[in-house]
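Summarising the annotation, TrEMBL assigns active site, nucleophile to A:T198. Per TrEMBL, substrate binding site is recorded for A:T161, A:K187, A:T198, A:E285, A:N408, A:S413.
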2 protein chains.
Amino acid sequence: MAQSLPVSPLAKPLPPLHAVPGVKLGAYEANIRYKNRLDLVMFQFESSTQVAGVFTKNLCPGAPIDWCRNALQVTGGTARALVVNAGNANVFTGQAGKITTQETAEAAAKLVGCRPEEILLASTGVIGEKLDSHKITTPLPHLFSHMTETKWEEAARGIMTTDTFAKASTRKTTINGSTVIIQGIAKGSGMIAPDMATMLCFIATNAAIPAPILQELLAENIQDTFNSITVDSDTSTSDTVLLFATGTAKNTPPFSSQSQELNHFKKALHEVLLDLALMVISDGEGAQKIFKVCVKGAQSDNSAKRIAQSIANSPLVKTAIAGEDANWGRVVMAVGKSGEPANRDTLSIMIGGIPVAINGVAVKNYDETPVVAHMKTPNILIEVDLGIGQGQSHMWSCDLTHGYIDINGSYRS
Amino acid sequence: MAQSLPVSPLAKPLPPLHAVPGVKLGAYEANIRYKNRLDLVMFQFESSTQVAGVFTKNLCPGAPIDWCRNALQVTGGTARALVVNAGNANVFTGQAGKITTQETAEAAAKLVGCRPEEILLASTGVIGEKLDSHKITTPLPHLFSHMTETKWEEAARGIMTTDTFAKASTRKTTINGSTVIIQGIAKGSGMIAPDMATMLCFIATNAAIPAPILQELLAENIQDTFNSITVDSDTSTSDTVLLFATGTAKNTPPFSSQSQELNHFKKALHEVLLDLALMVISDGEGAQKIFKVCVKGAQSDNSAKRIAQSIANSPLVKTAIAGEDANWGRVVMAVGKSGEPANRDTLSIMIGGIPVAINGVAVKNYDETPVVAHMKTPNILIEVDLGIGQGQSHMWSCDLTHGYIDINGSYRS
């Protein structure tokens, strides 16, 4: 079971967490699938809290994804609460799954005193098993009555499934002179996992930012963070990132996502998202190392992205990283298999900043010592220059080890 | 090293092999990279032998691929010999790699007494290391002078790299009443591998079939065979399938690839290609089981193919097969992540012929016993019905085990 997995060697300790004014939260042991651990989490937000969301592109999403997409549409981007459970993803559960989301939202709305559509939902865990709403709605009043502004750590633990460590990140910054806080939690190890699943991320700020602008900020900053990580190329049916802005900082709201006054906020939001995204791959199933793939000189940024993805997802590249083998031949292969424009004779590769191949030929008699030393570190850098254009992009990934097979190749039992 | 790998539990013994009239061949220990094993192979063909070829779609192909593509163009599809080496793929070797192919072809052409372009070449092995042509051209005269019609087994062994067993298939059939033989050898374990690499397949027949028709027959039959297998989604820079027709059977040549008179030949060719393709994945690095993914009810055949590929390549599906876990939730995930049109509520899944999910919901109280028994066999069948159209396709793959990590995650040295 998840609890008995050894903690990732790349685990980060929780930073000191703060209250985010306008947010109360808590966690509870609801025994949805796990015993003796927190598995039900609730956030409550000040009235008129704005929300933005980004969801899985998987075309067979879970019922909570359908619920959230519709709720954001109906409310135009306001939310009063979020209910999350771990242990059952409520995916591939047909009409029953839809009823569970409706009943859960109604129960939470009654407690909070709002419309059901102002309740957002997320579930993570086993796929294809019915999730009875009473498993959530029965303990919910107790959880609701015990929420405080300070239970961020419990919430971070309560959403874990195969995660081996709790994930949170926090920043203080300013908008128009007002100090604001941005703080988030995340979970996820494989992009999806057997009995467990999914990447979830919930971020709250006390800044006042209208929902349409919040959505633009999230969409813009997700590209280089959560949309630039991969564990095993598999895409969960439940991936969710939600960003809540309670507005209690009472800053003058920005007029546009491009306003100069948002520059500090954007930087801090990007840092929180990147922190959490890298923690997710650092907890990739069996991960011992993470690596960044930087591609430049491609025909376009999109082309560079697809090449970076091809390298970051290649099982042969990922096993080479695990084996501390500076095997650039596999990088060439992954460039070629991406199907993107590339020219063998202008292709150059650097590992750990050291050129190993230039213009299609291995660097002669290069000093392998620093490359070998770099491969032994837990953070590997692979740079590829296609030499045919100006496009650039990057991806982060983790190595593929025996641990991945152990975790994913065992009986469900 | 390759030689010390345990033989795949899915290994097939070599069938009794025959002479293919018009073909002489042999193998030699040239010490290109491996000691104490055959690593240089040559085929010689009767004059006016016709040839068809299918090559890797990887956009960073090896120099021998460039050579073959050009040679087929120049000759219009005739060949007098084939030279293959194992141990060095001559990939990413720049101008030096091009010179090696030229010098090798010239040396072989001199021995045979033909134009260099009538010599085809294939190399498999490490990427990015210069392949000196003299390593091939020096032993070539000795190899050439010892070739016979019967050395098929030596040739099958001579092209092996990480393969744990030699692969060959043979059929007898008729064209217009003339008995003809179709016989081939193949190598390949991962789609590409570290020090070794690639899938190679060479088939010869004594049938008389003009090159343009031979090319159509090969292209048509490759789709459901070599283009429908995957080990790790990684695509070699050197994949090559060549089909030679010596014409010594002196049958009346067919006028079209659609001629009725080719029906038996097509069936036999398909069987040889499928035999060899399944042997390649049975020798997938670390493979303990193979599985077939059949997709129907998709919007189109192409869409079905992409869904089948998504399932067949999913590390989570492949580890579930390894763990003998009938984890259909991962199949749903892989359908969804393919990005192809799919509807959760019409999606049905069968494992080993037993329905486990129908129209988006798990089958209630289904008898798991036969499914569990099926998962313990070495040949697993996963069927997916999208329920939205008439498109269908299939893929074969192998499981993802600790063996894969052992083979690909170890140091190169």
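Count begins at 1; order follows the chain as displayed.
Here the Cβ of each residue, glycine as well, is placed from N, Cα and C on the backbone.
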Count, for each of the recorded positions A:T161, A:T198, A:N408, the other C-beta atoms lying within 10 angstroms of its own C-beta, and report the residue with the smallest count. A:T161
Return the residues near A:K187 (substrate binding site), defined as same-chain residues 6+ apart in sequence whose C-beta is under 8 angstroms from its C-beta, sorted by sequence, else 'none'. A:A86, A:T124, A:A156, A:I159, A:M160, A:T161, A:D163, A:K167, A:T198, A:M199, A:L200, A:C201, A:V280
Report, in sequence order, every one of the recorded positions (A:T161, A:T198, A:E285, A:N408) having a CB within less than 8 angstroms of a CB belonging to chain B; if no such residue exists, report 'none'. A:N408
Would you identify the secondary structure of A:E285 (substrate binding site) according to DSSP, in three states? coil
Taking the Cβ of A:E285 (substrate binding site) as centre, how many other Cβ atoms lie within 10 Å? 27
Check the DSSP secondary structure of A:N408 (substrate binding site), expressed as helix, strand or coil. helix
